[in-house]
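Visitor: Per TrEMBL, the features are:
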TRANSMEM  12-31  transmembrane segment
TRANSMEM  43-62  transmembrane segment
TRANSMEM  83-107  transmembrane segment
TRANSMEM  119-141  transmembrane segment
TRANSMEM  153-174  transmembrane segment
TRANSMEM  180-205  transmembrane segment
TRANSMEM  330-354  transmembrane segment
TRANSMEM  374-396  transmembrane segment
TRANSMEM  403-422  transmembrane segment
TRANSMEM  428-450  transmembrane segment
TRANSMEM  471-488  transmembrane segment
TRANSMEM  494-517  transmembrane segment
Amino acid sequence: MAAQDVLGQTARLASSSALLQVLFRVVTFGLNAFTLRYLSRELLGVVNVRLTLLYSTVGFLAREAFRRACLSGSAKRNWTKTINLLWLTVPLGVFWSLILGLVWLYLLEVPDPSVVPHYQAGVVAFGLSAIIELLGEPFWVLAQAHLFVRLKVIAESLSVVSKCILTVTLVILYPHWGLYIFSLAQLLYVSVLVACYVIYFVMFLGSPEATKKSFPVARVKALLPSFVEDETFVNWKEARLTWSFFKQSFLKQILTEGERYMMTFLNVLNFGDQGVYDIVNNLGSLVARFIFLPIEESFYVFFAKVLERGKTVKDQKQDDVAMAANVLELLLKFVLLIGLTITVFGYAYSQLALDIYGGSMLSSGTGPDLLRCYSLYVLFLAVNGVTECFTFALMCKEEVDRYNFVMLALSFIFLCISYFLTHWYGSVGFILANCFNMGIRIAHSTHYIYHYFRESTHRPLTGLLPSPALLLLYFISAVVTAFSEVLFCCDKGWMARLIHISMGALCLAATLVTMFCTETKLIHFVRSQFLSRYLKKGT
């Protein structure tokens, strides 16, 4: 597949995934706003922090390394051996689910049954759901490697909608069921997700469309583990790369979910405060989840396909190098401007957003400060996602192993800083520690990118330098909206709130106009790669 075709399909995958994440976040926020009126903060804290952490940890440790290794390089490979390797995620998931399930049941503080009933059933259900989801891992990797955009959108949309309908129904009818509600909803979610992938491939394999595309897997039976005579069960090069990524993924999980591990194992916040923190965290990560994450996942595939892992820039096809450098520069500029916009306007509108969303329970206390700090953290997330996506797609096994040592040291420093900052600043300390963590990771990735392109004429890191006029507009907007918040928000009535919102809208409009005038290359990239098919539909 030509590099330009890969870019087009990758951009479509990223934009579709972004729209899918919008659906996820909108539904999740609506669900949280609804359940806040029926269930306790403590119950939401246990579900959204502790049980979700169990589910994500099992899934991450069991599959993240396999995904990165099996999505590296060309889609043309010995898929029999790759599929055999992917099926190893299931026993690995069973192992982690059993070990971590015992930890969650017997080593951690058990919630008060009168406030959070059926905790044991919740632990079992969330651990089981992680294993069920791993049954669809070979199907997911095949779909991702061949850029099956529509399948991912439909599968995850149906699973999320099914989960939410069941949750709302049970919350209304049986609010006293406690964790039974979320356990059943979680099991339904993963079951629908896996069923969608399995049903699609059962119908797709052997069809005229699969034959036309020369799909590398011809029969459904080929998606099951199989031995080939006189050949190894797995591709040992992929297996060794998986092991390197596994060591890295273990450390990355600590860094990604560090604050949740601190809450879970060190009890630095009670379950009620954990619930509030998680709601604010979800609100703050809205843009990060529905824009940055799809871009990172999709363009990891793009860079891994266009450039060869482990080769220097001189040994690559120069046309592909030029395209990769151009895409990396524009992606950095794109996410940086989104991050700056969130940081600037998020500071002055955090309290108003929380008051509208959850009332005084969220807008009083530490809630607004949490969201303001998270607005800054979004900027770090934006840059780190793209720089690491390129770095991980290009690093060879030895470089990945070296980076693991860096991650090990960083993990220890991050946990220590989190512990002390939490004692000094409460839940805000978690976000400050995450900013530090992301800053160090950005420094490492940008250093790698700089050295990778040093012997070429391309300088993609210039994408981190917005135009001076745009930076000036951001500064003016920050000052104006900060004064507007002091004068009009948030206890002076709805008319004052509307004035505050209008001031922000005017500043945002001025910023966007300046952006369109000064960042023309970026605007063309977004229109041609991300919005092209939607613009065509509208004409």
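Each residue, glycine too, has its Cβ placed from N, Cα and C.
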Visitor: Would you say the transmembrane segment (494-517) and the transmembrane segment (330-354) are touching, if the rule is that at least three C-beta pairs must lie under 8 angstroms and be 6 or more residues apart?
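Guide: Result for the transmembrane segment (330-354) with the transmembrane segment (494-517) is yes.
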Visitor: So what's near the transmembrane segment (119-141) in sequence-distant terms, Cβ-Cβ under 8 Å and 6+ beyond its ends?
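Guide: Distal contacts: 46-47, 51-52, 54-55, 58-59, 62-63, 66-67, 70-71, 82-83, 86-87, 89-90, 93-94, 96-98, 100-101, 104-105, 110-111, 113, 179-180, 182-184, 186-187, 189-191, 193-194, 197-198, 200-201, 223.
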Visitor: Mind checking which residues reach the transmembrane segment (428-450)? Cβ under 8 Å, same chain, six or more beyond either end.
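Guide: For the transmembrane segment (428-450), the nonlocal Cβ contacts are 255, 258-259, 262, 277, 328, 366, 369-370, 373-374, 376-377, 380-381, 383-384, 387-388, 390-391, 394-395, 403, 406, 410, 413-414, 417-418, 420-422, 460-461, 464.
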Visitor: Would you say the transmembrane segment (374-396) and the transmembrane segment (83-107) are touching, if the rule is that at least three C-beta pairs must lie under 8 angstroms and be 6 or more residues apart?
Guide: no
